[in-house]
């Protein structure tokens with residue numbers, strides 16, 4: 001019996017799809033609220049500032065996510081039935097964009113940590129090594145997941161536009177662990193600098 005013939009599986013998928021959609025909408029609402037909450041300060045202080053590596057990272061981190069949101073919302077609320085091939089293409093674009101956005105965000109955190117360490121060359125090498133050890137495997141697993149996922153014709157296109165027939169969830173958890181480990185290391189360097197080795201007062 002195929003997955004689309006099992007009514008219990010279909011009902012469970014519909015429930016999970018609805019929950020995912022609602023959680024996504026809540027996240028999007030919070031994203032826009034946060035964006036407009038700080039937009040005036042951003043226009044006042046960041047936009048007029050001279051261009052630098054940090055400013056580029058800031059804009060990429062903050063605005064690339066809106067591209068991700070647009071693709072995600074289109075997948076959830078496509079006005080008409082789209083083909084499985086289109087779903088595969090959208091999923092790949094979305095996954096690659098998410099992965100690149102996460103890498104840029106982690107690079108932003110590392111850049112901030114490097115800055116508060118007053119450009120210490122040892123910290124530079126520690127951060128480079130940490131980024132390489134954690135981000136490269138994430139890209140590899142994300143790439144494997146992107147091309148392993150498959151979509152088929154949806155049995156209920158009115159509720160689920162893109163019907164995934166081959167999941168890659170087993171690759172998500174290792175990525176999550178790697179990113180958590182990287183952020184823990186960056187936070188540890190930040191806390192060490194702030195509380196254990198503060199700058200001497202003048």
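Using the three backbone atoms N, Cα and C, a Cβ is placed for every residue, glycine included.
Those TrEMBL annotations? Automatic predictions, nothing curated.
Feature list (source: TrEMBL):
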TRANSMEM  19-37  transmembrane segment
DOMAIN    22-66  domain 'DUF6533'
TRANSMEM  57-78  transmembrane segment
TRANSMEM  98-117  transmembrane segment
TRANSMEM  129-149  transmembrane segment
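DSSP labels the residues of the domain 'DUF6533' (22-66) in these numbers: 39 helix, 0 strand, 6 coil. Mean per-residue pLDDT, taken over the domain 'DUF6533' (22-66), amounts to 95.
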